[in-house]
Each structure stands twice: as structure tokens, then as C-alpha cells.
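Per TrEMBL, these features apply:
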| type | residues | note |
| --- | --- | --- |
| TRANSMEM | 12-34 | transmembrane segment |
| DOMAIN | 12-392 | domain 'Major facilitator superfamily (MFS) profile' |
| TRANSMEM | 46-67 | transmembrane segment |
| TRANSMEM | 79-96 | transmembrane segment |
| TRANSMEM | 102-120 | transmembrane segment |
| TRANSMEM | 141-163 | transmembrane segment |
| TRANSMEM | 169-193 | transmembrane segment |
| TRANSMEM | 214-232 | transmembrane segment |
| TRANSMEM | 252-271 | transmembrane segment |
| TRANSMEM | 283-299 | transmembrane segment |
| TRANSMEM | 305-330 | transmembrane segment |
| TRANSMEM | 342-365 | transmembrane segment |
| TRANSMEM | 371-390 | transmembrane segment |
Amino acid sequence: MSWAYLRQFPSLVWIVILGTFMVRTTFFMVWPFLSILLYRDYGLSATLIGLILGATAALSTLVSFYGGWFSDKGGRRNILLFGCLVSAASVALLGLSHQVGWLALGVIGSGLSYGLIDSPGKALMADNLAEPKARELALHLRYFLLNLGAAIGPLLGVTYGLSARQETFLLLSASYLLLGIVFVIGFRLAGCHTSQAAGPGMRAVLRVLWQDRGFLLLIMANLLLMLVYAQFESPLIQYLTRAGTPEVERLIGWLVTTNALTIVMLQFPLLHLTARWSTRHKLQLGVALFLGAQLQFALGDTAIWWHWIVAVILLSVGECILFPLLNVLIDQMAPGHLKGSYFGAASISGLGVAMGALLGGWVLAHWGGSWLYALMALLCLVILMLYGLSTRTSRPALVRAGP
């Protein structure tokens, strides 16, 4: 892939890419430690924490689908600015409130940040980049900087003592406000080039999506993949915390940083090494690495840090292959006038995060961590089968011929 395509990136594409980096850096200063804060300072149970985080992911999924469709129907600008404003308000509530009810509302409301910004943002990049290779590079670069922010954020949070303090959420709120202001400037500079024709109604979009069986199989596989990946977040943190792991906050910070640094270091080298591989073989390798990570989590000793670091490295290399590839596949499958709707529909996989947080909390409370991750290893085999079916399923002519 040629870096010369960077010259084709207009200002709005750079705003999406660099805005993702800014927001994610502040996000990861505190969000990975939210479960600790809710458990330590407010005494919430594993199941209740899982329920709150699961509801957040579910809301994010629902809003992302409608947000993507609305960005096709009414334009990207309004939905992106509204998303920045609502996200800033919700996150500020987390930084200012000291009552469980308001905190839960802030956590759930913060799910809007993904639903109203992520899918329309990726569709906005597709709008402004006509060359497929340029769009592919933009999606990879966006994902790269997202993980660079995830690497820097936890270290900054731990270094400056911000990791489990509510006040840090105010920094995240400010970053959303700043992103909104930059979007206003970017759209104003782009002028008439940001206008677009009104997209189709919801019923027409749903009809197209239902006919595209290959895309539906991809969504099903992605949903289960996100369910498995969700066990790296809140359930793993709760597992390590409740098991009495020494210096658990430091270990969590290093695991999150290891995940991000592995992706930062390997994403583009792996992209180069697998450039001639078929999509099917890339998917198989990525899922196999996920499976290996789940087995390592299941067998890990909470007193030995390197067990968990090895598992995270396996997971991260698999993520490095799979996650950018899935965004590229969605962009390739989507008709030009339905980019937002397809990215929004693909966000249904976010239900896997909701299900994963809830299922992980329940299994952890009743059966323990080893059983949880053994179950996730079995799910990886189902995911492998679904991806295989997705790549072999023929797609309707209406979708293939889309502009």
C-alpha cells in the first residue's frame, strides 16, 4: 500500500483520524479503570457492573445503526456535531456526579459517543476519498492512531495518578467539545463539497440489507467476535481484581498498553506481509490467534504477570489482523450511497460487547474465570465457520451494482 495516497486526504478526513487519536488518548486515561472505581468506591457487584456496561454497549449499537442511516439521509455534519455535544455532556456527568444513579446514566449516555460519531465518521472519510486504496489507508491509519491513543492513555493515567479518579472524565469531556469545534471549522472550510443528496428511507435500507446475505453472515461473525473480545475488558479486570492479584491497577495498565503497543508496532508490517494473502486466510489466522489467547486466559495464574501478557499479545496480533480488515470489508461491500447505513448496520456487532459484558460478569460470578475463557475458545470455532460462509456467499446484483 502506497503512502502517496496521504496526499489525497482532505481536511475532514484528517479531522476524523486525528480527532479519534485525541479522544481515545483521554478516553483510555480512565475508562479501563471504570470497573475498579465502581467496585472500590461504590461497592457494585460484578453482575451490576456488567449490566451497566452491557446497557451502554446496547444503546451504542442501536444509536449507531440509526446514526449511520441518518447521516446518509440528512448529512454527516449534523449527526457528528450532535454526537460530540451529547458525548461531552454525558462524560462530564461521570466526572461531577457522586450518586450511583447519575453515574449509571453518565456511563450509558457515553455510549452515544460511539453511536453518533464512529459510523458517520467512517462514512465521511469514504465520502471524501474516491480511490478505494486511499479509503483503505485512511481506515488503517485511523485504527492505528486509535490504538496509539490507547497505548499512551493508560500510561498517562497511571503516571499522573489519574487512572481511577472521577475528575479525569472532565478531560475526556473537554476533548469531545474540542472535536466538535474542529468539525465546525472543517465543514465550514469544505463548504459545498460536504453536501449530499438525501438518502433512501429506512424501509428501503432494511430491504437492501436483508437481501445481502454475505453481509449478514459477516455481521453475525463480528457479533460473536466482539463477544469474545469483550472478555478482555470489564470481565478480565473484575477477574483479576477479585482474585487478589498483586498491584492489579498496574497490571491492568500494562495489559491495556501491551494490547495497544502490539497493534501500533505490528499493524502496518503485518499489512505488508499479508498483502498477497486471500481474505479467507487472513480471517483464519486472526481467529486462530483469538482462540489461542482465550486458552491462555483460561489457564493463566493470577500471581504470574507474564501469563496474562502473553495472552494479550496473542489477542492483539489477532486484533491487528482482523479489526482493520473488517472495516475494509464493510467499505467494499457497501454501495456508495449507503456507506453510513452499512457501517451503522455493522455496528450491530456491538451487541456482542453488551452480551459479553453481561455474560462475562455472570459466568465469572457463578463459574469462575477459567470456565469463562474456555467457553470463549469454543465460540472462536463458530466464528471461523461463519467467516468462511460469509466469504463464499454470493451477493445480490442490486448491492454489487450500487454506486
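Heads up, the Cβ atoms here are built off N, Cα and C, so glycines get one too.
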*asked:* As a test: from 46-67, 79-96, 214-232, 252-271, 283-299, pick the stretch that has the greatest number of Cβ pairs under 8 Å with the transmembrane segment (305-330).
replied: 283-299
_Is it true that the transmembrane segment (46-67) and the transmembrane segment (342-365) have 3 or more CB pairs under 8 Å, sequence gap of 6 or more?_
yes
*Counting Cβ pairs under 8 Å that sit 6 or more residues apart, are there three or more between the transmembrane segment (214-232) and the transmembrane segment (102-120)?*
no
*What parts of the chain pack near the transmembrane segment (102-120), using Cβ distances under 8 Å and only residues at least 6 beyond its ends?*
23, 34, 38, 42, 52-53, 55-68, 71, 76, 79-80, 82-84, 86-87, 89-94, 169, 176, 340, 343-344, 346-347, 350
_Other parts of the chain folded back onto the transmembrane segment (12-34), taken as Cβ under 8 Å at six or more residues beyond its ends_ = 53, 107, 113, 121-122, 124-125, 128-129, 138, 141-142, 145-146, 148-150, 152-154, 156-157, 162-165, 168-169, 171-172, 174-176, 178-179, 182-183, 186-187, 190, 194, 233, 237, 249, 252-253, 256, 260
*Report, as numbers and ranges, which residues of the same chain sit near the transmembrane segment (342-365): CB under 8 Å and 6 or more residues beyond its ends.*
45-47, 49-51, 53-58, 60-61, 64-69, 71, 114-115, 118-120, 122-123, 209, 215, 218-219, 222-231, 233-235, 238-239, 242, 326, 330-331, 333-335, 371-372, 375
